[in-house]
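Student: Grabbed the feature section from TrEMBL, which reads as follows:
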TRANSMEM  A:12-30  transmembrane segment
DOMAIN    A:94-311  domain 'ABC transmembrane type-1'
TRANSMEM  A:98-121  transmembrane segment
TRANSMEM  A:133-154  transmembrane segment
TRANSMEM  A:174-198  transmembrane segment
TRANSMEM  A:243-268  transmembrane segment
TRANSMEM  A:288-314  transmembrane segment
Amino acid sequence: MLAFTLRRAIQAIGVMIAVGIISFSMFRFAGDPVNQMVSMDTSGAERAAIRQSLGLDDPVIVQFGRYVANAAQFKFGISYQFRLPVTNLLMERMPATLELAICATIFAMLGGILMGVYSALRRDTLLAHAFQAISLIGISLPTFLIGILLIYLFSVTLGWLPSFGRGDVVHIGWWTTGLLTLSGLKALIMPSITLGLFQMTLIMRLVRAEMLEVMRTDYIRFARARGLTTRAIHFGHALRNTLVPVITVAGLQFGSVIAFAIITETVFQWPGMGLLFVQAVQNVDIPIMAAYLMMVSLIFVTINLVVDILYTIVDPRLRSTVSRAH
Amino acid sequence: MTDTVLSVRSLQVEFASRRGTLRAIDGVSFDIAKGEVLGVVGESGAGKSVTGLAVIGLIDPPGRIAGGEIHLAGTRIDNLPPEEMRRVRGKRIGMIFQDPLTSLNPLYKIGDQIVETIRTHLNLSELAARRRAIDLLAEVGIPAPEKRIDGYPHEFSGGMRQRVVIALAICAEPELIIADEPTTALDVSVQAQIISLIKRLGRDHGTAVMLVTHDMGVIAEASDRVAVMYAGRVAEIGPVQAVVKNPLHPYAKGLMGAIPTLAGEDKRLVQIPGSMPRLSAIPRGCSFNPRCAFAFDRCRVERPEPLAQGAQSVACHLYDNAPAESAA
């Protein structure tokens, strides 16, 4: 088990180094960073001095080494537009994005599993067909459109929910949360639905398909032959077996929820990392873009690792094959 | 017979399909007495497994029991409401399926699965159920049951898993066990152990056993009586020695002739020409007539009904002398 975790961790580090190369090369291909920092009338000597002080004259490999060493300590340099350390900027914005992503994922998991189980067990009911239709909408409508439609309905027409921003937030250490105030909670509803709807329909379809598959297996037939109650068969046996692949997909999707948050955050002017990134792109603020790339990759890789480990907890067969293989 | 556990009368099972209704079981009747093992043999698709599933009430749509009656110890069970039938399953009828590798839920410890089944049917505490589960595992021959009870199915070999499945089937002391090809997926050396285990359990607890298989060796070894099925009907039924040594129905004769023996190795194996008809194209008259070497005109028109021949009963016109005499 430990060897398995270790091996996966080493693989994860390999992935991060590869991402580091891409992120580093952004600096080299997006023009001369010195030009971004100085004004028009800076002399050649001053430019050379800046170049010297930033170490831009060193060989590429040395620069890359320095970049990786700094990145490993979460130092991503100074933002061109804000003149502040990128790490501080990201940390400041992270709680907003994470809260949004977590709420969206919880919404997607709850809704997706409930609807999926229902439409698998009551396949021919009207409600099951309605769920299927909704899922088609959720999968095919683009996120920004859903966001705009929600704003139009609940903010503009009905005036129930705020159309942008995070509402009032409470500071807990460096973390800011909108979960403790009413306006924060209200502000969270529409962005969460917008961000989570696609995942919800995905999970719903997956749960439905898996559940139908599991219901056909021998051990479900045997469970029925043992006279277990329908409830025990559906929720004790079938659902747990269904959840194994669902955990993987939902876990991996959490990464893309954070990545997709860019669009949702833009639509709702949500003060998270995604919005920061969009602004960075507009202003060619490469340190932020590079750091954001590293950050999202780190989240993806970490989630992958966690999902692999979770897998072995849910499915005992993997536990022993894992320990036997090493 | 007063100690009849299972009585099946003119059972019919139909499957609705796009091309019309297919009759998988057409008028099957048999009895199983307390402590008796009835072997049910036949080719694939003869309706052996469907008969077993019909008895335990697990025929899924589009299939349905279309006619006949099933009685368990005097109570009719084929028309029970679903919830009452569920209580019969596992409690009064235990079932063993073909593949022990897929019969157990891979995510649960075997002990949890046994305790769950015990507590569904018997009013026992968690602890008492666990103690009973350990006793059951010991009874089906699993070594160190108090340790193995916390194992997961994948930690057991095929034969051991089938023993667990058997423990699950008998955990509420059922009156009847339906074993559907219980040894087909197992090694030959393990097959014998499982067969003798099922036989011993039947004897010790007075349980009636319906043993479905296509393996004549298993039948000869384990059962008291045997029913030979063909195309959804019982061709011949009788004491196992009589049917094996002296089969009456031409199909049963063919089946016995097709068994390789270790002794007379110079003897050629007899083949039955052709194959069993599909359900959508069962011939008129006796369903075996196109493959039968003894078929005559009447076989192609009239369906033979079971006739008593000593202890055996056979559905074949060859043994029906009465109309021939009256015609003469």
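Sequential numbering from 1, following the chain as shown.
Note: Cβ is positioned from N, Cα and C throughout, glycine not excepted.
Automatic prediction, not curation, is the source of TrEMBL annotations.
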Student: Please determine whether the transmembrane segment (A:288-314) and the transmembrane segment (A:133-154) are in contact (criterion: at least three Cβ-Cβ distances under 8 Å, sequence separation 6 or more).
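Tutor: In this chain the transmembrane segment (A:288-314) does not contact the transmembrane segment (A:133-154) - fewer than 3 Cβ pairs sit under 8 Å.
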Student: What parts of the chain pack near the transmembrane segment (A:243-268), using Cβ distances under 8 Å and only residues at least 6 beyond its ends?
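Tutor: For the transmembrane segment (A:243-268), the sequence-distant neighbours (Cβ-Cβ under 8 Å, at least 6 residues beyond its ends) are 97-98, 100-101, 104-105, 108-109, 112-113, 143-144, 147-148, 151, 163-165, 190-191, 194-196, 198-199, 202-203, 206-207, 210, 274-275, 277-278, 296, 299-300, 303-304, 306-307, 310-311, 314-315.
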Student: What parts of the chain pack near the transmembrane segment (A:98-121), using Cβ distances under 8 Å and only residues at least 6 beyond its ends?
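Tutor: Residues 127-128, 131-132, 134-135, 177-179, 188, 191-197, 199-209, 211-212, 215, 234, 239, 242-243, 246, 250, 253-254, 257-258, 261, 264-265, 270, 272.
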Student: Near the transmembrane segment (A:174-198), which same-chain residues lie under 8 Å Cβ to Cβ, leaving out any that are not at least 6 residues past its ends?
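Tutor: Distant Cβ neighbours of the transmembrane segment (A:174-198) are 91, 95-96, 99-101, 103-108, 111, 138-139, 141, 143, 146-147, 150-151, 154-155, 161-162, 165-168, 257, 260-261, 264-265, 267-268, 270.
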